[in-house]
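Structure, as structure tokens:
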Amino acid sequence: MKSCVLAYSGGLDTSVILGWLQDQGYEVHCVYVDLGQPCEDRDAIMEKARTCGAKSSRLVDVREELCRDFAFPVLAWQAKYEQIYLLGTSIARPLISKVCLEVAREVGATAYAHGATGKGNDQCRFQLAAEALDPNIEMIAPWRIKSFRDAFPGRTELIEYCDVKRIPVKASTAKPYSSDENVLHISYEAGKLEELDVNGVELVEFGMGVSPQDAPDKPEEVTIGFESGVPKTLNGKAVNALEMVEQLNDIAGRNGVGRIDMVENRFVGMKSRGVYESPGMTVLYDALMYVEQLTMDRDLMHLRDRMAPEVAEMVYYGFWYTPKMDALMSFIETAQRPVTGEVTLQLYKGNIMVSSRTSPNSLYDEEIATMEGGGSYNQDDAEGFLRIQGLPSRVQGRVSPRKF
């Protein structure tokens, strides 16, 4: 019998896909990848999969790995897709594929199935990651298969299939949008959010924090310490990557930090609207930036900043396991070596303001930077500097005089 691993959530879609795969003659191994998504009873989901005919089911907790090995390297790049999206969903997908393929190798499965649609980005991220890790894996994306779409044109048919197969599904009140959550962020899209005249921030019931208007009237300070670009301490206490993100989610969330509403360019060609909240990661991006301002060489920082949009694109599109990304990650690891220090931020009604920053590797020299008289900067040196810098402009001006 053919064997398949299924990225399984226990929801309606993957419950139906589990049954459908068995109808197609597959032995199915269900994998629930714990990224920090909300779930009432993970044990019940695993039992449900086995009850519904799965050969095996397992939960794999990768929350720490997601923060440490995926989100934090992207943070070091200050990578934001189209300038504002912190890639909370995008960066989780290659990890899901990695976990599912590890299980496939263990159980001898030759196929990998997921429930992503044929119109979104996730299908790209799942498949590009999986085929990079195992070029021989058979990808099964039911929503890209016409016979599956014909059988299940809507939610009603999905529920009817579950009734016939005696697959237990919990009835839920349909919200006017869909959401996807992990420890890094929550994304909201589709439904009423596809109407651009709808105020997304007012429509969405945010799950990670309060609105800026409802945040406390007094600023809250938070101090974050970095070692070579990696967040290590929070308010003076050493924490692991997961603890850092979870605790900052609470702190930043209660101060209304980290909400965005954007229209983005999907990899598959269309524009789509997304509303996102990433309170903890938003604070980390700003905190790291302030330590970098002290410690990174100017030209190195500017080079990183020019390359960061390309890194964001690669993550967003799904090109995580590539030689190019490997090289880029080696670069950023070297670039971040001096980025050690501590920064104190004030969080106030959605805003992030720096209070202080310090670093043993600081390149800031008050004696050089002072605008007062004296200091160690000799202003006479600027004369020769500007004569050399201005030479091309003077020559060009003689050859092609500008009208003014």
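Every residue gets a Cβ built from N, Cα and C, even glycine.
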The ATP site in Swiss-Prot includes Ala7, Tyr8, Ser9, Gly10, Gly11, Leu12, Asp13, Thr14, Ser15. Which of Gly53, Gly88, Gly108, Gly115 is also listed there?
Gly115
Quick note, Ser178 (L-citrulline binding site): same-chain residues at least 6 apart with CB under 8 Å of its CB -> Tyr188, Glu189, Ala190, Gly191
Hey, of the binding-site residues listed (Ser9, Ser15, Thr117, Asn121, Ser187), which one tops the CB count within 10 A?
Ser15
Could you find out if DSSP has Ser187 (L-citrulline binding site) as helix, strand or coil?
strand
Return one of helix, strand or coil for Asn121 (L-citrulline binding site), based on DSSP.
coil
Whole-number answer please: how many Å between the C-alpha atoms of Ser187 (L-citrulline binding site) and Ala7 (ATP binding site)?
19
